[in-house]
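J.: First the structure, which I've put down as structure tokens, then a few questions once you've had a look.
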Amino acid sequence: MGFVKWLNLLTIFHLFAVTPIFSYSSSFTSKFLDLAKEPEVFDWMVDIRRKIHENPELGYEEFETSKLIRSELTKLGIPYKHPVAVTGVIGFIGTGSSPFVALRADMDALAMQELVEWEHKSKVPGKMHACGHDAHVSMLLGAAKILKAHEKEIPGTIILVFQPGEEGHGGAKKILASGALENVSAIFGLHVHPNEPVGEVTSKSGSLAAGSGFFEAIISGKGGHAAIPHHAIDPIVATSNVIISLQHILSREVNPLDPQVLTVGKFQGGDAYNVIPDSVTIGGTFRAFSRESVMYLKKRIEQVIIGQAAVHRCNATVSFLDEEKPYFPPTVNNEELHEYFNSVVGNLLGVDKVKRAKLLTASEDFAFYQEAMPGYIFFLGMENKSVEQLPSAHSPYYKVNEDALPYGAAIHASLASNYLLKLHQDLPLVQEKYNDEL
Ligand SMILES: *[C@@H]1O[C@H](CO)[C@@H](O)[C@H](O)[C@H]1NC(C)=O
Ligand SMILES: *[C@@H]1O[C@H](CO)[C@@H](O)[C@H](O)[C@H]1NC(C)=O
Ligand SMILES: *[C@@H]1O[C@H](CO)[C@@H](O)[C@H](O)[C@H]1NC(C)=O
Ligand SMILES: [Zn+2]
Ligand SMILES: [Zn+2]
């Protein structure tokens, strides 16, 4: 078996090399980027991305996208599991046994109208791939194609995760609940970034994106005539104070060095100028970069709403919308994987192309995986200033620079294959070496 030969080679390498650290610029992964730029891979990825772009599907409705992925995997000879989490697809490359490493791509689009006029504009009114998930799918397929061609050299199994419903649906949670990622040693993901240069990546160790939750509250008083407020219990004034008090949680209770957000975006109550309504409904979102901070906010939001309503003789009920808008944990990158990522991607693109990312108050459901296993997500640059400036994610003018696709595919492939090589180098190789010495 090729792998045994490879192990022997590595053992020899291990015995005679000055440095015991395996070089990530090993001959086969250094070719990944060139391979991904070949028309056979590049044009194919572009074609897949455009097909998905033309037919955007919302969370858990990615039926055609899922079908397209399965048909491409079949053509590549890659076995898969389906359905997982409704429309999800899980592919397998390698030995079929442990160790396992996973790569994730999200598949869903957004409920918005595309305003970019081009040949491959969304054909579905009111739906658009405005977050680049079409590109994510095509890059993971690109990685699959490259890895499949090197399957015999992979000492373990690479799990391809095509995940539904990232945009607020918590598809990652459903994938985990299916058990498909049991025994996975690490998971990697990426997100395209419109304002970072193509050929560059950004990320960081530790917190990267915020955890977020939503709340809705009904503050009830007693309606009445606006001219005789003493016969009513006014929920509008009560709610006004509730909102002010909520802001004081951030300004007076939490550590100013631990960034947090609490926004009330919904305030509904009353229809007439001269009527005090019975009740007011408010709703909002809260965000923070650690689980403890998110949980603290959640607890205090409920206490402050109920307490401040009571000050004004009103009753309040608070809901955290666990079904409709589930809580997303903070995205926290594993420290060891960060070192590993810098080393692998530094070798692939050049160390000057790997930069530090800023904290984001947006959320990413990749965080669910990171709660279950070591996980790492990074941003893949797409900007080419000599061509155009790209609008931000979720804009109706959103565009993907397809020149970024080979970088994403090659990085995915390198991260997964080198990870398995490294596991084998770290674990059985030591025994192998001792065996040789005995
Ligand atoms: C994970 O490993 C356990 C123990 O070896 C095994 O019973 C289980 O089937 C594995 N799960 C998957 C999804 O491979
Ligand atoms: C608040 O709830 C209590 C207990 O159910 C009830 O007696 C009271 O009338 C309520 N007040 C308002 C303003 O709804
Ligand atoms: C940026 O765009 C120009 C013009 O199309 C192209 O020649 C160049 O290769 C692009 N740069 C990268 C890094 O893709
Ligand atoms: Zn998005
Ligand atoms: Zn996204």
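Just so it is clear, glycine is given a Cβ too, placed from its N, Cα and C backbone atoms.
Bear in mind that TrEMBL entries carry predicted annotations, made automatically and left uncurated.
Found this in TrEMBL, in case it helps:
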| type | residues | note |
| --- | --- | --- |
| BINDING | CYS131, HIS133, GLU167, HIS191, HIS394 | Mn(2+) binding site |
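In the displayed structure, how are the listed features positioned relative to their neighbours?
T.: Take the CB of GLU167 (Mn(2+) binding site) and look out to 10 A: across all protein chains shown you find 18 other CB atoms. According to DSSP, GLU167 (Mn(2+) binding site) is assigned to coil rather than to any helix or strand.
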J.: Can you give me the same-chain residues 6 or more apart in sequence from HIS133 (Mn(2+) binding site) with a CB-CB distance under 8 Å?
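T.: Listed in sequence order, they are ALA105, ASP106, MET107, ASP108, ALA109, GLU166.
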J.: Any idea what DSSP makes of HIS394 (Mn(2+) binding site), helix, strand or coil?
T.: coil
J.: Through the lens of DSSP with three states only, how would you label HIS133 (Mn(2+) binding site)?
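T.: The three-state answer is helix.
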J.: Going by a 10 angstroms cut-off between Cβ atoms, which of the binding-site residues CYS131, HIS191, HIS394 has the sparsest surroundings?
T.: HIS394
J.: Please list, in sequence order, those binding-site residues from CYS131, GLU167, HIS394 with the Cβ less than 6 Å from ligand 5.
T.: CYS131
J.: Cβ within 8 angstroms of the Cβ centroid of CYS131, HIS133, GLU167, HIS191, HIS394: which residues besides those meet this for the Mn(2+) site?
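T.: Filtered neighbour residues, in order: ASP106, ASP108, LEU110, HIS129, ALA130, GLY132, GLU166, ALA393.
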